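S.K.: Okay, these came from TrEMBL:
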type: TRANSMEM; residues: 27-49; note: transmembrane segment
type: DOMAIN; residues: 42-297; note: domain 'G-protein coupled receptors family 1 profile'
type: TRANSMEM; residues: 61-83; note: transmembrane segment
type: TRANSMEM; residues: 103-121; note: transmembrane segment
type: TRANSMEM; residues: 141-159; note: transmembrane segment
type: TRANSMEM; residues: 205-227; note: transmembrane segment
type: TRANSMEM; residues: 239-260; note: transmembrane segment
type: TRANSMEM; residues: 280-299; note: transmembrane segment
Amino acid sequence: MDRFNWTSPVMGFILLGLSAHPKLEKMFFVLILLMYLVILLGNGVLILVTILDSRLHTPMYFFLGNLSFLDICYTTSSVPLILDSFLTPRKTIPFSACAMQMFLSFAMGATECVLLGMMAFDRYVAICNPLRYPVVMSKAAYVPMAASSWAAGSMTATVQTSLAMRLPFCGDNIINHFTCEILAVLKLACADISINVISMAVANVIFLGIPVLFISVSYVFIIATILRIPSAEGRKKAFSTCSAHLTVVVVFYGTILFMYGKPKSKDPQGADKQDISDKLTSLFYGVVTPMLNPIIYSLRNKDVKAAVRNLVLHKHFIQ
């Protein structure tokens, strides 16, 4: 504890957010609040129907229920903080709360990366090896698969958060972001962060590179199998079972690659515009993507639409 106090005289951080743009703050407060309500409602309904409707008691919908619960947890770890920052200029967050928020957001993001890979494997077995699907994707297999996704995400978040919070923060304590985003926090450290950079690079390979490669290879086999189906109706039905997942994957990873892969501006004025762009992109990744997931699965999946309709009709009948 003595070492912690000595290396971290900064007892809290100030979240800058969009305090330099008060007009944008008011607009985004209403927008983000509405999106958050849609996230809670949409993902909550998906979780409910996957539990209540016996036709959805399959590996695919079990993973979908996990994805919906994950999206609720992820947004709840950051959105209330973002909304509060819109109402309170230069929002102060304690050191411990910053560490917890960083852990939760990193854990949920890493878990989703692994979980999307698990869902790709489920679709691969269902389409490429349908006769073996009940054996390969039995309950004894898909429950541990989902549990391992959560465990892996929590483990890497523990490592990254511990390494970041052990750094000395003895100068500027203003985080140029909405939340305690790990890259924004590392910029404030007054010590060598090479270990953090290497650790994050390894984590990116494991939780971004490997799942993307795995998903890509899976869909090469899936598409090849679908194209060999003789009937057009059969091809359409087979593709419809994985189109929602593929759409979610493209939106999720596309946003991450855009956020971390675009070149940095060297011009001071361009850098200021880029800071705003980075923040808004982070909002898209953290709010819009979880909001789109239940919409995508509801619109592109007949079973989910039927389950939601039955749930609404059943509730109306009881009333």
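Every residue gets a Cβ built from N, Cα and C, even glycine.
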S.K.: Hey, which bits of the same chain come close to the transmembrane segment (103-121), Cβ under 8 Å, at least six residues off its ends?
M.R.: 60, 63-64, 66-67, 70-71, 73-74, 77-78, 142, 145-146, 148-150, 152-154, 156-158, 160-161, 179-182, 203, 207-208, 210-211, 214-215, 218-219, 245, 248-249, 252, 286
S.K.: State, in range form, which of 141-159, 205-227, 239-260, 280-299 has the highest count of Cβ pairs under 8 Å to the transmembrane segment (61-83).
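M.R.: Per the Cβ under 8 Å count, 280-299.
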S.K.: Six or more residues out from either end of the transmembrane segment (141-159), which same-chain residues have a Cβ under 8 Å from its Cβ atoms?
M.R.: 59, 62-63, 66, 103-104, 106-115, 118, 121-122, 199, 203, 206-207
S.K.: If we skip the immediate neighbours and take only residues 6+ beyond the ends of the transmembrane segment (280-299), which ones have a Cβ under 8 Å from one of its Cβ atoms?
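M.R.: Tertiary neighbours of the transmembrane segment (280-299) are 28, 32, 35-36, 38-39, 42-43, 45-46, 64, 67-68, 71-72, 74-75, 78-79, 82, 105, 177-179, 181, 244, 247-248, 251-252, 255-256, 258-259, 305, 308.
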S.K.: Which sequence-distant residues neighbour the transmembrane segment (27-49)? Criterion: at least 6 residues beyond either end, Cβ under 8 Å.
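M.R.: Contacts with the transmembrane segment (27-49): 18, 56, 64-65, 68-69, 71-72, 75, 79, 82-83, 86-87, 283, 287-288, 290-291, 293-295, 297-298, 304, 307-308, 311.
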S.K.: Averaged over the whole of the domain 'G-protein coupled receptors family 1 profile' (42-297), what is the pLDDT?
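M.R.: Mean pLDDT across the domain 'G-protein coupled receptors family 1 profile' (42-297) comes out at 85.
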